[in-house]
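Read through the structure below, which is laid out as structure tokens, and then see the notes.
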């Protein structure tokens, strides 16, 4: 289903208002999605006809060679779609309440005849592990694609300076390419929205230019080039060139590079806008340009090494050269933004170390910027550019990355046809066979060029795949350790409501990855701390395999112990494209959700009918019903500073420390809300007392309690497992963003307790 400014809509719901919005997005997509695809004419014919086809450079050979998940795309979007329709995930944190999310179901709900296959795959760990590795490899290819696209796009635009007569040295051209690449990556922080508006006019001007040049070359050099669309030429091409023609498919594949990023870029735009731009702008201009270039080469075979620039008429050479250079820079944008999207999806689903994600648009949540990944891509791109200095070698690597990614995507779509769309296995098999044969031919040709540069994406993908798998493996072992070492509920009940310690005013938010049960680290707190907060909430920030979770379905609240303990559990659910806690109103929403749960649990009819869905003792609390139901009254206070009553409950040392912290880190001014019970509402005295305790605790302040975990392999583990956990996972954990930073937890309110996990 396409998405309009972060909200899913169906095509039947399109109005003139959102159609205009899609037209704007279509205009923007020219500067991001189609920059790479539209600049392919710079290097396609050169990469195809040089090498194995040097003995077949004639007119007929040239003619023969001419021949989503809810608005999110990419390999991980398909994987998440499979995980929520079949239990393919290796992380056992899925709950029954997750399946009731409005964005969870996609496709028909009828039962299919693949239940036996589905149950078999769900029970077998090896096929699920193999599926994850395939997905990780495909996602890693996207990253490698982002590196190679920037290098080949910029390098292919500079040979025009050599043709112009003002020849530059090879070192000067390389230096110029590096400067352009650094400038490109330095622009990424301004966001996809601004970059798209900046780049879209360049791509439009480029499309008009190549259309006009192509049309001129067709008319001037060889009008009969239009006959190249006949299948006769491709048959004759392979008949005469044989094995050399088959290997040349790796160069022809470059004509569709950029389409593999189109699917991953769906989160930045909409499917409708991408289709509009392709049908009415991209496709006509590219077809005319390729025909025009073929017409020129059919009469000027000696110009194959620099076919594009030599096909430009002299009077317009310099204007088109400038536009071509700018467009080559734009061509890198599609795969850069696709890389950001894939990394965000991988991180949300526990397959990539925590990195800083900056949401650059208030309207389209999929438009993001990741600083660490951006600079890493820049370093790798500069290394490839300086190391190869040859567009043919880079093109070989680029073609292999594109072919591999497209083949993996086709394989995953075939699984989606079976398990999500619930079609017959035969239909899925025919789809895989038809497209697999076509893409397999290109992939096999690209694999022949592994020694000539094709090894680069394989090495890059292997490195990133190992990073992703090691991180996921370590997280999975850590989660399983928590699952098998939960604190027995009987032990807590034996301590009594006071937990054997002093309960002081305030709310303690204990962060855990467990969605059920009490984590082992809680026993460390109770055993070693002399006092604990009167209200305790176990917070589980959980990513579910959907693109987004609406605010009404975000909080799932339950009670951990009997009412006098004042201990609750809150699962905060986010989709892989959601913004986590950027609104600064998390604490107030949590208090409202807890108050709503207390009323719902008490059995009041207006709340127990259809407002919540139950999962054991867990309930979904909806913010819309809270605001309309007046469970508790919220009053906004203009002064965001703490009141004197709150300050009096804290020590002077803590207040002094907070003053120093606020001086160094000026607080962001946000809503300060005070809660109180409605005066005109009659409620049970037990419920009223619990709500009052909650309100008083809120006014006393929050404390964020987290475990600082160290994961180590057991002594009995294999040497390989010890290396993976003690070296690989530990290195990644120490060099990624901490969980408190990732969750935007203020350090002044943070309490961390160390714990070693022997997995």
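Our numbering is plain: 1 for the first residue shown, then up by one each step along the chain.
Cβ coordinates are placed from backbone N, Cα and C, and glycine is handled just like the others.
Whatever TrEMBL says is automated annotation, not expert-curated.
What TrEMBL records for 25-65 (among others) is domain 'K+ potassium transporter integral membrane'.
What TrEMBL records for 66-492 (among others) is domain 'K+ potassium transporter integral membrane'.
The transmembrane segment annotation in TrEMBL covers 129-156 (among others). The list of residues near the transmembrane segment (129-156) in space but at least 6 beyond its ends in sequence, with Cβ under 8 angstroms from a Cβ of it, reads 36, 39, 42-43, 74-76, 78-79, 82, 88, 90, 177, 180-181, 184-185, 257-258, 260-261, 264, 328-329, 331-332, 334-336, 338-339, 342-343, 345-346, 351, 377, 380-381, 384-385, 388-391, 394-395, 397-398, 401-402, 404-405, 408-409, 411-412, 415, 456-457, 460-465, 468-469, 472.
Annotation source TrEMBL lists transmembrane segment at 168-187 (among others). Packing against the transmembrane segment (168-187) from elsewhere in the chain are residues 150-151, 154-155, 158, 161-162, 195, 198, 325, 329, 332-333, 336, 374-375, 377-378, 381-382, 385-386, 389: each is 6 or more residues past its ends and has a CB under 8 Å from a CB in it.
Residues or ranges marked as transmembrane segment in TrEMBL: 199-219 (among others).
Positions annotated as transmembrane segment by TrEMBL: 246-264 (among others).
Annotated transmembrane segment per TrEMBL: 276-296 (among others), in sequence order.
The feature transmembrane segment is assigned by TrEMBL to 316-343 (among others).
Taken from TrEMBL, the feature transmembrane segment covers 364-386 (among others).
What TrEMBL lists as transmembrane segment is 398-421 (among others).
Among the features that TrEMBL reports, transmembrane segment is placed at 428-448 (among others).
What TrEMBL lists as transmembrane segment is 454-471 (among others).
Look at TrEMBL and you will find 491-511 (among others) tagged as transmembrane segment.
Summarising the annotation, TrEMBL assigns domain 'K+ potassium transporter C-terminal' to 505-757.
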Ask   = Do any residues of this chain, six or more beyond the ends of the transmembrane segment (491-511), have a C-beta under 8 angstroms from a C-beta of it, and if so which?
value = 518-519, 522-523, 525-526, 529-541, 560-562, 564-566, 590, 649, 696-698, 700-707, 739, 743
Key: Closest-packing stretch to the transmembrane segment (398-421), where packing means Cβ pairs under 8 Å, from 199-219, 316-343, 428-448   = 428-448
Key: Model confidence over the domain 'K+ potassium transporter C-terminal' (505-757) (mean pLDDT, whole number)   = 76
Seg_contact(the transmembrane segment (316-343), the transmembrane segment (454-471)) with at least 3 CB pairs under 8 angstroms, min sep 6 = no
Inquiry  = Six or more residues beyond either end and a Cβ under 8 Å away: which residues meet both conditions relative to the transmembrane segment (454-471)?
reply    = 132-133, 136-137, 139-141, 143-145, 147-148, 346, 350-353, 380, 384, 396-401, 404, 446-447, 724, 728-729, 732
